[in-house]
Amino acid sequence: MLTEDQAENLAELSEIISVTPSQNHELLTTRSWDFLGLNYQEPSELLQRSNYGEDIIIGIIDTGIWPESRSFSDHGYEVIPPRWKGVCQLGQAWGGTNCSRKIIGARYYAAGLDKASLKLNYMSARDMNGHGTHTASTAAGSVVEGVSLHGLGEGVARGGAPRARLAVYKVVWEEENGQYLTTAAVLAAMDDAIHDGVDILSLSLIADDDSFGALHAIQNGITVVYAGGNYGPRSQVLFNTAPWAITVAASKIDRSFPTTITLGNKQTLIGQSLYYMMKNESNNRFQTLVNGGNCSREALSGTNIKGKVVLCIEITFGPIIKIFEDALANVHSGGASGLIFALYTTDMLVSTEECQGIPCVVIDIDIGFQVLTYIGSQRLPIAKIEPTSSVTGKQVLAPKVAMFSSRGPSIKYPTILKPDIAAPGVNILAATKDAYVFSSGTSMATPHVAGVVALLKALHPQWSHAALKSAIITSATTKDEHGTPILAEALPRKVADPFDYGGGNINPNGAADPGLIYDIDPREYNKFFECQIKKYEICNITTKPAYHLNLPSISIPELRHPIKVERTVTNVGKVDAVYRSDIQSPLGVKIRVEPATLVFNATNKVHTFKASIKPLWKVQGDYTFGSLTWYNEQHTVRIPIAVRITIQDFYADVA
């Protein structure tokens, strides 16, 4: 807590990089790892060769952790790695035994928390919210057999790197009107994590794009993985877009939860929910079905809905969660026995508990109007809702980019293509306190990437952060399980592009053997970082555009004249290898690569090439997308390209 004068005096010290006011920020499995090719029953080569991420230390900066969860059992673990320098900070409901050979460190940061909120929190690393427990178990949870939510999503719950260690840094606190999370707490946690010796930091929250903490962590050999945010499908709503971090989008896996609605005329319709029978609930039976309009208070006024199933149709595109919660509250207050909620494509699923004991089914608008037509044709319309079932496999189109996943381009760094990668983030079943629940968000996608990074670090301990990031991006898949382009949920649904998923959907086994990598000396980031304190090395200002960074992507937000961009690739595959180039130029752009073929051997392990990028049109344009791929018989190394042709400095089209 500083006065303005104190802050100014502090900024003059040579040891200080910058002084910035702390800001408040937001928080943002049984199938997902199998879907990504990391089957545990018949372990993949990556799991075996990395020994399940053994002794890699993942730092979780989040809401804390629930140490008693079965997902954090340390049974069979050896002693804590001697390189670990962290602590087990004691506090409320957290004793020395709550740290273990699995949870090897715990810290909490409560500075600035209002005294009125103390009663809502554990003053310790213990998780009141459940968010941090969920993300930690997704990244590195121990193996737990037979997990489900009342029979739904049944399977083996485990993290991507189930033998990795966890270090917990609690920075998020409960308040009456939400969560309390500040920049200062995140920076303090990062500072401690660097000292403690973590290998990876997973942050399922919104933080400053230009965080010195994240950059400093990466320059100390730590991989930093951030959530991209849940404000999609609009463009330019991406968070955590710093060039040095891995920014994660959310995708759907090959699992759905069909819920059958049977009408009185024996017509059956399918929606989705997480509806399971409560202990005291009687068998499903037909009940009166009524039309509730959009289920606002005004729409339901004068309609008797007590003991009836209510159809709600929402044809606007607004804040879906808020609209649903309002409709549910109104239906509940009227004593309804069920809710059928029709709206445009969404990733929302609600459970029996969230619906306060009544069945809630989400259906498509088209199906909603079929139900509405039935209601209008009957004197006494009735319906029955069956308990949900689980379906997995190729009959479910996957992966797809989630509706809520924030989309690029980055406002702050348009010359850096973001997000970097998409990973499973829809209906992920993972630990929370002593139970397991489904959650969705880029918060859930982020620990999937952190878990994959843990496996890669165990397999390739000599690889830098940039090498790991490159391997993940260049090996990503842009096709679904049927070989067709990945779709992005939006209005309307569309073919996904790099602003939806970066390089594509994460492919862990491909990332383990990428062939070529785009590596970066972490000091290079300094050249692209704007800073007013020129006396410090990190603030080495340059006019060189950031698209000259050796990233596994190219983003040119203003192409007016032909330019050349250099990239350098390092061979990490077979010593003797020949790679040929394949260019998919963005529409209206011509790209040529020199040389078009790269020959690697024992003396030539690194090659630099130039990409000449030329506009074919003179137009105030929009972004178009392409790719540059190096390939041989064993490897396909693909980077995404985004280019916008412009004439004038002012333009309105952005995505």
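Note that the numbers count up from 1, one per residue, in the order the chain is shown.
Cβ coordinates come from backbone N, Cα and C, glycine included.
These figures come from a predicted structure and were not determined experimentally.
Feature list (source: TrEMBL):
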DOMAIN    53-482  domain 'Peptidase S8/S53'
ACT_SITE  ASP62  active site, charge relay system
ACT_SITE  HIS131  active site, charge relay system
ACT_SITE  SER443  active site, charge relay system
DOMAIN    549-643  domain 'Subtilisin-like protease fibronectin type-III'
Around the Cβ of SER443 (active site, charge relay system), how many other Cβ atoms lie within 10 Å? Please give the count over every shown protein chain. 27
Helix, strand, coil: count each for the residues of the domain 'Subtilisin-like protease fibronectin type-III' (549-643), based on DSSP. 0 helix, 60 strand, 35 coil
Fewest other Cβ atoms within 10 Å: which of the active-site residues ASP62, HIS131 wins that one? Let me know. HIS131
ASP62 (active site, charge relay system) and SER443 (active site, charge relay system), Cα-Cα, nearest whole angstrom: 10
Cα distance, HIS131 (active site, charge relay system) to ASP62 (active site, charge relay system), nearest Å? 7
